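In TrEMBL this protein carries:
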DOMAIN    460-583  domain 'STAS'
TRANSMEM  168-192  transmembrane segment
TRANSMEM  198-217  transmembrane segment
TRANSMEM  278-300  transmembrane segment
TRANSMEM  312-334  transmembrane segment
TRANSMEM  346-368  transmembrane segment
TRANSMEM  374-397  transmembrane segment
TRANSMEM  404-432  transmembrane segment
Amino acid sequence: MSRRIGDIDVSSAALSHRNETLPQLHSVGKPKKESILKEVGHTIKETFFPDDPLRSFKDQPASKRFLLGLQALFPIFNWGRQYNLSKFKSDLIAGMTIASLCIPQDIAYAKLANLPPQYGLYSSFVPPLIYAFMGSSRDIAIGPVAVVSLLLGSLIQEEFDPENDAHNYLRLAFTATFFAGITQATLGFFRLGFLVDFLSHAATVGFMAGAAITIGLQQLKGLLGIKKFTKNTDIVSVMHSVFGQVHHGVKHIEKGINPPSLHQIFFAGPHVIKGFRIGAIAGIIGLTEAVAIGRTFAALKDYPLDGNKEMLSLGTMNIVGSMTSCYVATGSFSRSAVNYMAGCQTAVSNIVMSMIVLLTLEFITPLFKYLPNAILAAIIIAAVVNLVDFEAMILIWKIDKFDFIACMGAFFGVVFISVEIGLLIAVCISFAKILLQVTRPRVALLGNLPGTTIYRNVQQYPAATRVPGVLTVRVDSSIYFSNSNYVKDRILRWLSDEEEANSKINLPRIQYLIIDMSPVIDIDTSGIHALEDLVKSLQKRDVQLLLANPGPVVVTKLHDSHLVQVVGQDKIFLTVADAVRACTRKSQEEA
């Protein structure tokens, strides 16, 4: 039986295998090998300094470098030079607008964190001032947020009762805020911002939705005037409290600005570890929310946002905040949206908001004792309703079912167990997805698109045709110790399946196996050994291995490991099409 390959008619007999040199059309270049120091330096640079933050310091005198360093640490000294009256008018209006929103929110969120109401206002005075000098976002409005307030309230009350042991409860809140700031600042200083990306978008959507429902349920105490309410946050406990008993009181809000609180932070004793644990969780959640908000508005206005600088500024403001009677503050989506819509131009709107909060603390706080709990509860519920993003959940379901599982895991974990467990479930599912993708990469069977020299996945392009006697596969991942055996076994399974199918319809047996290595950006020692084992297995089957388009890192490691000699230099090609043509030419010569 004969089969047409390109413009050549090849018979089954003509495709008999001979282990001879294949005609080389284009050779794959071997890059110049870098020293180990340069290679490690390049890896570190791309991991921690992909934005080349020191680029502007090159070839500058010492005085200029000092000025650039000051501007890098305090961006206000950079954009402040172009500040004018027109921008101030816009920032003044935006700052007054978000202040009118933040004051009742702060009181409500402090209540959510089981803290006296003035601490919510304190947290909208000092942190926004620090962020205005150090932050890189023009639109983020800083202050307490519902999710972090709930997180602190639910975790701290596991250690101290907010009513019977209010002093230690407050101390642990300041301690957690201190360590939240340390966590954020450390991530920013060591440029570890990429770690935040491990909390996937899907997990965040589910977590925020579950937290919104939990927050709303917690407000039933204020709406219904329930005196004794559960300390648990899960839906079952809350419903039991609601239906088990069906008081009103607005507490007095202390007058005056933030008192110092450094002496109240736990720096020794058994509560330090607890404060660190709670603070680290709250800090990462707050950081994730702030960076996501900052990126959203930066994209709308088309200006750069330095994630590591954001982490450093958020961390610094929370460290200072913990010493000035504040609890964890971060970027608020509702305030930032209002800030943006009100026409803010710079971070000065945060300064305006902070000054109005200062005036409120000095002169107006006694009036808030007449504000009913039901109104505060309603404010919180109205603020968190939009955190349940049904459209995002539907889109996640359509795009990636595994992401949807992570989303729902976070959602149900928060609603039915606790905020902490919900977050843990989401992170675990996200890590499971990463491990699955790393350990079980896709291996695609390729075919030729008629009339071209292009080879694509036959599942995506059913019209793509296979070349008789040649099996072409593509590994869609780097080859590491975690997946090397799977890749080898999967390729051999493809080979067995194809040979079995060919024998049934009397097609030529497979003589050449071509691996398209375009997506393989790296390979480790286990991957090299897996390829060696693959070569041995193919030799027993009388099949030749050909490699197509290995990248520079892979080529270098193939040479260093001497695998090139095992495979054969003449069997490494620039493209799949070159490898196929070499096979067909060899078959033609044999014919």
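Keep in mind that glycine also has a Cβ here, set from the backbone N, Cα and C atoms.
The largest share of C-beta pairs under 8 angstroms with the transmembrane segment (198-217) comes from 404-432, of the ranges 168-192, 278-300, 312-334, 346-368, 404-432. The average pLDDT for the domain 'STAS' (460-583) in the predicted structure is 90. Contact between the transmembrane segment (312-334) and the transmembrane segment (404-432) is not supported: fewer than 3 Cβ pairs lie under 8 Å, counting only residues 6 or more apart in sequence.
With a threshold of 8 Å between CB atoms, the same-chain residues lying at least 6 positions outside the transmembrane segment (278-300) that come near it are 136-140, 145, 147-148, 151-152, 155-156, 172, 175-184, 187, 193, 196, 199, 204, 307, 310-311, 314-315, 318, 328-333, 336, 340, 420, 423. With DSSP states grouped into helix (H, G, I), strand (E, B) and coil, the domain 'STAS' (460-583) comes out at 62 helix, 21 strand, 41 coil.
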